[in-house]
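So the structure is just underneath, and the comments pick up after that.
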C-alpha cells in the first residue's frame, strides 16, 4: 500500500525523493539485493517493483517471500520496520506434516497386516473332525449341526470363536435355554404319544373290521401319520438334536428330515380319499337315474354330465400331487445325504436356500390349488355328500395353511443364513422348533380327526358300536361298522345317498 505523499508525487509527475534521508530511514532493499539506497519509511514502496522483479521471475515460479511493512510506535516517534513472509517456510511445514501423516498411515497398515497375516486355524490341517458334530468345509471352518455351535474362548480379554470345533451346544452360556428345551420336549412327547395311541387304535379297528385289502388309502394315510408321530415322540422323548448324547446328531436329523416329507405324503394320501368320494358319487348318481326311470317325479340335484366331468378332472388333478410328492421325496433324500458331507460353503448355501424355497412354494401351491378347485367341485356334489366333503376340504386347507406358515418361519428364523442379523442363533433355533414341532403335531391331529372325529370319540370307544352276530351257517362275523366315518369309501356312500 503506497503512502499519500508518493501518490501525490506520482500525480505531479515527480519521482520520490531518494536522498537526504534522516536517521529514521531504513535500508529497505539492501537485504533483497536492490540498489542500496536509503528510502524514507513513507516511500519504501518505490522499490516494490524491484522487489517483485526479484521475487517473481519470468518463468512464473512462486515468490520465495513477500515483504510487508509496519510502523510500530515506540515512544513519541513512529519507527518504520519491514518483515518478509516466507512461502518457502510454509511449503516446508506442509511437506513435514505430509511426511508425518504418511508415516502414521504406514505404521497403521503394517500393524493391520501383522494382525491379519497370520493364517486362520483350519479344521483340515488340525484334523479336528469338527468334534464329530459338524462338517469341515473347504475354507477350514466347521459348519456345526443343529443344536451345536462353535465354542467361545477369551483371549487377551476378547471373546473369540474357535472355528475348528463344534463341541459347544446352544444351551451353553444361555441360562434361559434349558427350561425352554425341557418344556418343548415334554409337550411334544406327551401330545404325540397320545396321538400315536389313538392312531394305532383307529388302524387296528380298520384292519379288524375290513381286513387288509379294504380301505387301502385310509390305512396308508394312518400309517404315514402314525410314523410321523412316532418319530416326533422318539426325538423329543430321548434327546434334543443329539445334545444330550442319547441319540447321535445325524440320527436325530434324519428323523427330523423324514417328518418333512411325511407331511407331504399324508396330504397327498388324503387327496386320494377326497377323489374317492367323488368316484363314489358317480355310483350314487347312477342310482338316482334308476330311481327317476321308476318315479318320474324324482328330481336329481345335478346332472350326470357334471359329475362325470368333475371326476375326469380329478383323475388329472391328482397327478401333479403324485409327481410333486415323488420329487420332494428325492429332494429330502438328497438333503439327508449332503448335509453331513457337503464341504462347499457357497454350494451348500445355494442348496439350503433352494430347499427352504421349495417347501414354501410347494405348500403354497398345494393350498391354493386345493382350495380353488375344491370349492368349485363341491358344487357338483349331491347334498348328502356335500356336507362331508366340505368338512374334509376345510380340514385339508387348514393342513396346507399350517405347513405354509411353518415353511415361511423356517426361512425367517433361520440361523445359518439369517434374515435378521440381530437374531441370536440359539433363540432362532428354539423358536423354529417350537413352531415346527407344534405344526406337525397339529397336522397329525387334523388328519386323525378326518378319519376318527374327536367330537364322536365316545362312539369309537363304545363297545356297543361294534356288534357281532352269527349268520345262518353258524359263523360269527362283524357286521356293524364304526359310525360316521369322515372319509367313507364308495360302498358307504352308496347306502347313504
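Yeah, the Cβs are placed from backbone N, Cα and C, and that goes for glycine too.
The feature region 'Disordered' is assigned by TrEMBL to 1-22.
The compositional bias 'Basic and acidic residues' feature in TrEMBL is assigned to 1-17.
Feature annotation from TrEMBL assigns transmembrane segment to 96-112 (among others).
The transmembrane segment annotation in TrEMBL covers 182-204 (among others).
Annotation comment: TrEMBL describes 216-234 (among others) as transmembrane segment.
Feature annotation from TrEMBL assigns transmembrane segment to 254-277 (among others).
Per TrEMBL, the feature transmembrane segment maps to 319-342 (among others).
Feature annotation from TrEMBL assigns transmembrane segment to 354-375 (among others).
For the transmembrane segment (396-413), same-chain residues at least 6 beyond its ends with a Cβ under 8 Å from one of its own Cβ atoms are 263, 267, 270-271, 274, 356-357, 359-360, 362-364, 366-367, 370-371, 374, 419-420, 423, 428, 431-432, 435-436, 439-440, 442-443, 446-447. According to TrEMBL, the transmembrane segment annotation covers 396-413 (among others).
If you look up TrEMBL, you'll see 433-452 (among others) marked as transmembrane segment.
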Result, the transmembrane segment (216-234) in contact with the transmembrane segment (433-452) (3+ CB pairs under 8 Å): yes
Selected stretch (most C-beta pairs under 8 A with the transmembrane segment (216-234)) from 96-112, 182-204, 254-277, 354-375: 254-277
Intrachain residues whose Cβ lies under 8 Å of the transmembrane segment (354-375), provided they are six or more past its termini: 260, 264, 267, 271, 274, 313, 317, 320-321, 324, 328, 331, 335, 393, 396-397, 400-401, 403-404, 406-408, 410-411, 414
